[in-house]
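Since the structure comes first, as structure tokens, the remarks are kept for the end.
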Amino acid sequence: MDALKKRRLSLMKRLVTLIFIIVILWASSLGTEVSISSLMDGLPGMGSLFLEMLPPDWSYFSYVTEPMLETIRMAVIGTTYGAIVAIPFALLSSRNVVKWPVIYFPFRFVMNLIRTIPELLLAALFVPVLGIGDNAGIMALSVFSFGVIAKLAYESIEAIDNGPLEAMTAVGANKIQWIFYGVVPQVIASFVSYTLYCFEINVRAAAILGYVGAGGIGLYLNNTLKLFQYQRVSTIIIYTLIVVVIIDMISNKCREKLI
Amino acid sequence: MIEFKDVLKIYPNGTKGLNNVNIKINKGEFVVIVGLSGAGKSTMLRSINRLHEITSGEIIIDGKSITKARGKALLRCRRDIGMIFQNFNLVKRSTVLRNVLSGRVGYHSTIRTLLGLFPKEDINIALNALKRVNLEEKAYSRADELSGGQQQRVSIARALAQEAKFILADEPVASLDPLTTKQVMDDLKRINKDLGITTIVNLHFVDLARQYATRIVGVRAGEIVFDGPVEEATDDVFSSIYGRPVKQDEMLGAKV
Ligand SMILES: Nc1ncnc2c1ncn2[C@@H]1O[C@H](COP(=O)(O)OP(=O)(O)OP(=O)(O)O)[C@@H](O)[C@H]1O
Ligand SMILES: [Mg+2]
């Protein structure tokens, strides 16, 4: 009797969820005026654009190598800064490291707040402050990386084995020694892995930050698009793809080694 | 010497972990605490180095009150007390040597230990500690490459590197098979004899307790119901500690 009731309830729940999803999809397609038919109408345009992109302007490769390197540099520096600031935040947000809610709740709050801001918006905020160029991009990526890494790191700190921590307490370690001998060796591998993962995201993000004036290859993509130089556009796209794939490959290999 | 004075421990949920415990443990003794599951053995052991805070009363270690110790003084007290856990509590990803060296952090400045700059002398202390438990050749292996018994002996080496005057062992062999159980208990006994380290062990195997203890302490519902030399701990005594006859599975011999 009870089981039957429960099953009926869960069926009900699923049905309501399904209806809810359909309504949301329908409402949002109304709101954004997306429809299958307008997508279809766009198809021929996309096809001709694609043809105009061929063949890529090969001579343009060397020209955009400098901004491409700048893009990678932005990602490297941004990830590094973010990761460094993330360390104390992650520790201070973890319940098993800091026993007092008055400390870990505020830190978590700040961390979660920062995480909600998309990197493009961050860049748009930093450009007026730091001026057009890669500094704004680096700052945007730093803040963004901080959010990603701090959150992931704090979650893995909270999941560590309590045993070694207890052992370090018993040995008479002070709090800092306790962290370095009990916590750090347990999370360092995942921390490095998250940082590399974030770096992969950042390379992609850095490639479009130029759109809002925050340096990197995005600026060139924007300009060539505006000038209808589609063969150069395709050069930039291919170049970016190659770089992203290579960086992902290296980063993945490194992360595999860490486990 | 470790002295409990009117020690009361009430857990936040109201459970009485220790009820008016008074006991003196002298230098060089090998004390085994026995009692049913939930009797308060772990609570008693963990109160000594304040992994658990007691509610009232006082615990005195070599004349100094650890109960009243604050900050550095508390860390100093703990430095003198090695602890062995049922689950070894090693950092599995670190090397054996680093795990043993972690017992030395209390002797050096924070900055020195963070950089891992232990003096040559400390490395020797750690290697000697490993030699005592016959694991010298494993010094540079990762801790998780070792068997359970070996890991437990590494944790004994950590307590030795700590140059502890006391060793507390909370069910040190509960997750080991009978053969490695013997090795670990033999190591503890040898260290107790050779170095005169006062040792307190929680065990639930009656025959093991009889074999290694010089003194047996029986606990029931947070109270000490028996305290005497091992010779006096007869079957009847164990029955009264447990409140029922000793069962076959409380004998290690039954497991072999
Ligand atoms: N953190 C805690 N909060 C509340 N009660 C606890 C806590 N830890 C232990 N207790 C209770 O205190 C009593 C003594 O527990 P303790 O762990 O000392 O027993 P034990 O003799 O070590 O048992 P075992 O042989 O199972 O390890 C038990 O009734 C237990 O339920
Ligand atoms: Mg216990």
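The backbone N, Cα and C atoms fix where each Cβ goes, glycine too.
Note that the coordinates shown come from a computational prediction; the quantities given were computed from them, not determined experimentally.
Feature annotations, courtesy of TrEMBL:
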DOMAIN    A:68-251  domain 'ABC transmembrane type-1'
TRANSMEM  A:72-92  transmembrane segment
TRANSMEM  A:113-132  transmembrane segment
TRANSMEM  A:178-197  transmembrane segment
TRANSMEM  A:203-221  transmembrane segment
TRANSMEM  A:233-251  transmembrane segment
Leading stretch by Cβ pairs under 8 Å, where the reference is the transmembrane segment (A:203-221) and the options are A:72-92, A:113-132, A:233-251
A:113-132
Long-range environment of the transmembrane segment (A:233-251) - Cβ separation under 8 angstroms, sequence gap at least 6:
53-54, 56-58, 60-61, 64, 68, 71-72, 196-197, 199-200, 203-204, 207, 217, 220-221, 224-225
What else in the chain is close to the transmembrane segment (A:113-132), if you only count residues 6 or more beyond its ends and a Cβ gap under 8 Å?
139-141, 143-144, 146-148, 151, 205, 208-209, 211-215
